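What TrEMBL records for 329-341 is compositional bias 'Polar residues'. TrEMBL lists 31-174 with the feature domain 'G-protein coupled receptors family 3 profile'. The feature region 'Disordered' is assigned by TrEMBL to 269-288, 310-345. Among the features that TrEMBL reports, transmembrane segment is placed at 37-60, 72-91, 118-138, 150-171, 191-210.
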Amino acid sequence: MAAVYIGCACWLLGDFQINGHVHLAGTPLTNCKLWGVWFRVILGVCTVSSLIALRSYGLFRVFKQNKPYSGLGMYLPFMIYCGCTLIYGIIAQVLKPSVTVEYIAILDVCFCPTPFRAALYGYIWATWLFVAIINWKIRNIKSSFNESREMAFSCLVVFTILTFSTVLQLSNPEYPFSQKLRILSTTMDHVGTNLVWWAIMGVPLFNCMFNRKKYLEYWSNKLRKDGLQHEYDMKSDSQNYSLTNRTYESQDDFLNFGNWNNTSNHAGKAIYLPNGEPRPQSAGGHKKNRKVFAPYRQSYQMAPVSSIRLYGKKKTDPQDPFDIPPMSPTTAVNSPPSNDPFNRFSDQFIPIQRQIQVRSIYEQRVPDQPIANESQSVLPTVSLSNSSSSFVLPGTYQSPIIYNRRLSFNG
């Protein structure tokens, strides 16, 4: 793209001369073939067009033909185009000035015959039609290199300029004598070419200059998302790993117990450790069927992945001991002891009142009456905050021991 900008500068110099913006008499600018053909057409228009076409063809070759961005096959079309352009310039140089472009001293302008203008603009139209076709074919490539919007805008700008210039050159060859027309022609040419250049390079250039670190991380994540980290030797770059696009996972994430939301997006993809080496694949195919990666860590596979605590969605799974619906005195039923993990001491219903705080728990025992056996009942009483009365929790317990505000049981 730097060469494209140099080509735009050569194009501007040729426009100054051929459009009559400067006086030519007594200066090297009277050499109309040098400035009008070589600078304006070959080094300017054709160079800019061919470099943008080469850029688009490279993306087409990599993402559509699955061929490398190098070698003779990559640069052969560009070399053929440059050869044709060079032949065009040599022919224009050896022909008589009256056939191509000549300096008219009495008018102090360079004048081109209509056939030469038609051949020139036909050549430029063919170049940009090729660019448009290539960019249409690569409109759906991977997001890291997809420039469909930028190139659609560029083609729209270029075809607008070409249409205006072609009509002006063929319908009014004497336009250099009109100040408004020559200024309009030159302005459209170079405002349009700068719009094309900045549409492609503006965002990357600005971010590389003023937002380099964040843009590098953003671009690296896009390359990893497209699976291109190996092509750009990014697998050992541990500083650019982000939380949203990690290439390695902890065991909790591997078992769907992580606290991030993208665990399902990494199923079936290659996983790389922080040192850059691929993690061994576990058997089982899909993530939820795989075995634990670390063999000596505790497995949490007993809890189903449909638990409401994992995903926040209400799912009824009878195998999940933690998905217990709330109970109220009106809707509560006696559950079998095997299905209630908290019903360890009693199979009777215990009413639960919301917004009731336990003030104190104390032991109520008949004085001087020893415990005959382990089945003798000792009834703890609960004093409630919203009532002066108390009720007795049924159950068969041994004497509780209270310490550090926690209640434990012997036996």
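Placement of Cβ uses the backbone N, Cα and C atoms for every residue, glycine included.
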Top stretch by Cβ pairs under 8 Å to the transmembrane segment (37-60) (candidates 118-138, 150-171, 191-210) is 118-138
Same-chain residue ranges lying at least 6 outside the transmembrane segment (72-91) that approach it to Cβ under 8 Å
37-38, 41-42, 46, 50, 53-54, 57-58, 61, 123, 127
Could you tell me how many residues in the domain 'G-protein coupled receptors family 3 profile' (31-174) are helical, how many are strand and how many are coil under DSSP?
106 helix, 6 strand, 32 coil
Rounded mean pLDDT within the domain 'G-protein coupled receptors family 3 profile' (31-174) lands at 87
